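Feature annotations, reproduced from TrEMBL:
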DOMAIN    1-223  domain 'Cytochrome b/b6 N-terminal region profile'
TRANSMEM  29-53  transmembrane segment
TRANSMEM  93-114  transmembrane segment
TRANSMEM  126-145  transmembrane segment
TRANSMEM  151-170  transmembrane segment
TRANSMEM  191-215  transmembrane segment
TRANSMEM  245-266  transmembrane segment
TRANSMEM  287-307  transmembrane segment
TRANSMEM  313-332  transmembrane segment
TRANSMEM  353-371  transmembrane segment
TRANSMEM  391-411  transmembrane segment
Amino acid sequence: MNQWLDERLHISRLNDKFLRKAFPVHHSFFLGEITLFALIVLIITGILLALSYEPSAQLVKHPFDPGAAQVPAAYASALKINAMPFGDMLRRIHHWMANMMMGAAILHLMRIYFTGAFKKPREINWWIGMLLLIFTALTAVTGYSLPYDNFAFTTLKVIVGIVGSIPWIGEWASQAAFAGKFPGEGLIPRVYGYHIMLLPGILLALTAAHMLIMIKQKHTQPQYAKRVAYKKIVGVPLSTQQTPIMIMLALLFTGLVILFAAFIPVHPVEVIGPPSNQSPIVKPDFYLLWVFGILAILPGNLEFHFLGGVFNAEFLGGIVMPTMILLLMFAVPMFDKSKENLYYAENPTNHPVRLAAGIAFFTLMIVWSVAGYKPELVNSRILTNDNANGILWGLAIVLPIVMYFVTIGIVRGIRKLREADERETHAAAADD
Ligand code: HEM
């Protein structure tokens, strides 16, 4: 069989080129793989959901309550999917998996950042990775909107408002992106097109480029590889050793997500109800909370005019500040001036400024994400309607600075202990 295939497809060349690649065995390298498994499960569960989902906002009879008012067809189809055997589980697995993919991608990014794996020659894969992160978030948000319940409706209203706030071209851009004035007939079919065709297509193309570059450039080697065989690639080949490890990891991870889905509902459309004029307090999924946080604590009346364009809080908080944060993340490899190619993953504590800057950055993200809960927090004794913005902005500035210096202090302490340890070892060796 092998020979038959080889004569026709030259399989053995493929085997030499890709399947014998050595993969480092280190737990931190599993994060990228988990992100990939999540993408695969999302595509499979998404295809199954698409078989029964109806992308239309046209009003139809409530499928289970003849006395109730009419509801959008998309919402009715989500209710019907819930009532199918395993239907609710399918929706939950799909939604949980989207959260897991974002979580795994963020942890994977942290691993790359803190070990310096973005350095020469892997800058291009850092940039492709950043695009993957952004397009994963966009795919997840468009999916969140599809059940067209009151949460989805309100989230769409917020997003359309943010796009519409772009000076000069906002109204045009929002109508072009969301098929006319909100909420038009074309809205749901348009968002559906983004969610099941355009965005997954982009994600798959970017993932393919990410993997091919990674195979070409090879992984950074974990530190232990230095001791095992200096400047040699240490790892197990994809065929056959790495493949069973990956299959086990994929099954374990998928099993865990199914367990989550079985016990913790996510986006229960029947509880939320169909779109209504009363906007509920919507919380986006965790990876977008920081943007909601910025919007929540920017004064709503912030506004200035320039050359006939209006620059308001929605535009500054929903577009300008997130774009600046993303550009800063894109620029990370440019702060490094290494001439040599990076071979070994670096120990984060050997690069205190990079480590401290990263921790300060994630602290800022966490504070902004907490600020996304402002409506709930202002009822506490410390935060009131009058002081909430001031306190949350104060924390967003002070906490990252504190975390920066605390990290530098801890790393210096670790370095001193290490040096003292080395001195003792040398002294003991000299005594012997
Ligand atoms: C969201 C979808 C993503 C998927 C499916 C994905 C998948 C992977 C996989 C499977 C690997 C090899 C295993 C590993 O090193 O962990 C890898 C490596 C890599 N990824 Fe990603 N990744 C994604 C996002 C990102 C992001 C957000 C970044 C950074 C901005 C990034 C930057 C890199 C780099 C630089 C490498 C090479 C690492 C090395 O050689 O040590 N990736 N990715």
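Glycine is treated like the rest: Cβ placed from N, Cα and C.
TrEMBL: automatically predicted annotations, no manual curation.
Within the same chain, the transmembrane segment (287-307) packs against the transmembrane segment (353-371): three or more Cβ pairs sit under 8 Å, each pair at least 6 residues apart.
Long-range contacts of the transmembrane segment (353-371) within the same chain, counting only residues at least 6 positions beyond its ends with a Cβ under 8 Å from a Cβ of the stretch, are 110, 113-114, 116, 286, 289-291, 293-294, 296-297, 377, 392, 395-396, 399-401, 403-405, 407-408, 411. Averaged across the domain 'Cytochrome b/b6 N-terminal region profile' (1-223), pLDDT in this predicted model comes to 95.
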